Each structure stands twice: as C-alpha cells, then as structure tokens.
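Take a look at the structure below.
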Amino acid sequence: MQDSVDGDPCKFVLWSRGSEERFTLQASSASIKMTWVETISTLLDAQNNFLSGAATWRDGKRKGPQSCIPSWLQGTLLRNGPGLFSIGDSEYNHWFDGMALIHSFTFTNGEVTYRSKFLKSETFKRNMKAERIVVTEFGTLVYPDPCSSIWSRSLTHLRNLVPDFTDNNLVNIVRYGRDYYASSEVNYINQIDPVTLETVGRTNYRDHISLNLATAHPHYDDEGNTYNMGTAIMGFGRPKYIIFKVPADTSDEEKKKKKPALRKVQLVGSIPVRSVLSPSYFHSFAMTQNYFVFVEQPFKLDIFKLATAYVRGVTLGSCLRYDKEDTCV
Ligand SMILES: [Fe+2]
C-alpha cells in the first residue's frame, strides 16, 4: 500500500505482491482516507505477523471470559493450511502452494492454548536447505527442477507415469487409527504428533494400497474406523476410484505394537472411471449408514497433460479441465 498519490490527500494505492496492477482509491475526505489507510495497515500487519511469526514455534495461552470459552469445552482442535508463501527471493503463485502450517487450539478449563508449527515435509526441508523454492507445487512450477530425475523416472517407467508429487500436505488433518496425518490430495501424507505438532515422518499410500491420489477429507464411523476415497490412475490396471477403510482397532495389544494403522487398510470397493484418460477430480464424497455417495464430476484430470506437464513447462493445476460435453448424470 502507498498512502499518498498525485499529491491528493484523499487518494491512496493498493496492489498485490507480484502483480503489475495498481488500484487507486479515493475517499471523500482526507480524514476518511486516513481511517481507511490505518485500518488496512493494521490488517496487513496482522497478516504479516501471522506469516512471519509462524516460522517459529508458537505457544500462547489466553483465558477468555467464561461466556467466551465454556469450561465444559475440553480437547484439542487441529487445523492445517498454507503458512509461508515466499522462501528467499522465490514466491509461490497459488494459495494451494504455501508451506503447510499445523495449528492446534487446546481447550482446558476455560483456557485456550494455541500452538503452530511448520510441517517438516521433505519439500519443506529441501526448500529451507536451498533457501528458495525447489519443489514444484500445484500452481508454481520450478523449472529447471532439481527433482526432475523423479519426473524423468516417471516418464520412463509406465508404472509411475503419474509423477511423484510434493509432500507439502497443507489441506487437512486426517486420522487413521490413533495416527494423525497432515494430508493433501496426493500419494504422500506426513504423520504428526498431535500434542507437540512435530512431524513424525512421511508415508506413501502406495506402500499400503494401490492408488495415486487420495482425498484429504475422509469420514469416520461411530467405532472410529476411517473411510476414504482415492484414484488409481496408472500402474494398477484400468483407472478406477477406490474406496478404502482403515480399522480403528483400539485393542491394548494393538496399542503396544505402535505400528501404523494404515498397514491394516482394507479395500471396500472400486468404481470404474468412465473416461479412461480423464478421471474426475473430486475433493470429497459423502457417506451414509449404508452407502458411499460419489459424484463423478465433469471437472477432470487430463492424464496425458499430467504426464507431460514438466516437459511442457506447465503447472499441475493446468492439467485440470472442465469437460462441458460431459454434464449428464
Ligand atoms: Fe477441503
């Protein structure tokens, strides 16, 4: 923001980082302009403090009025989302690309404790080591990309035609058994400690079940079992949508083993993809007591585009397209 322009006390200018566009705003008086500028500055400072402060471990406690945080509210709310949009001189282009920041709000006896920590994904570690963005994200292509060998391998071996994705899991927190994972919509998930928010380690869905992509929005039944859906695009026969279950298994014997609940994943069923080269993108699905409800939408993933995205120098986001010919259910 620039708080004066053209020597006019009623005007100021706003722009977005990385954009050429400038917006000049004019208030009806100089005092109103000052109020606007102060309010916007406060908002921008708050946002900036949040993003920069997020680079380190944060731990704060706030006691609210009893009417605000009732004493019966106990437990921890875990959230996830993008928290860092620039590393060194490099910047991300898309909201879906920022480095994953895990938040927790722990409610105890009318008090809330906030914590946040960056997910220490392989992507995060590589970016921090290089002090710049070195891994391609949904809307930010890094070219030439040091991980191009992964892409090359993917193109060489048909089984891995779909490229290896970033493990910057910034969408949601999912639970499998007693294990908590940061998740996005790719084959990697990163386990976290729900108390300290430390990253425990990376897991590849493909080590447990045949799929390339899985949603970040599973469902849970009354027994604590987790149900999720994914897509098996390449290397697993004809493309299909996969429904899978991870049993909760809270037995004492299972507790002692300390092994990931995912190892007990079960295939519930699969749905063939209607058009083999363009499976639907889906963000979530519904589950009732007796049914899974899945909508095969006309917003599709173009597998050919995906497999050649890197060599063509386009982002993964551009491999999605709306098929206006395919709108009948
Ligand atoms: Fe979502």
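Cβ atoms are placed via backbone N, Cα and C, with glycine included.
Please treat TrEMBL annotations as automatic predictions, because they have not gone through curation.
Here TrEMBL flags H217, H283 as Fe cation binding site. Annotation source TrEMBL lists domain 'PH' at 1-45.
When other Cβ atoms within 10 Å of the Cβ of H283 (Fe cation binding site) are tallied across all protein chains shown, the result is 11. Residue counts for the domain 'PH' (1-45) under DSSP, helix first, then strand, then coil, are 16 helix, 13 strand, 16 coil.
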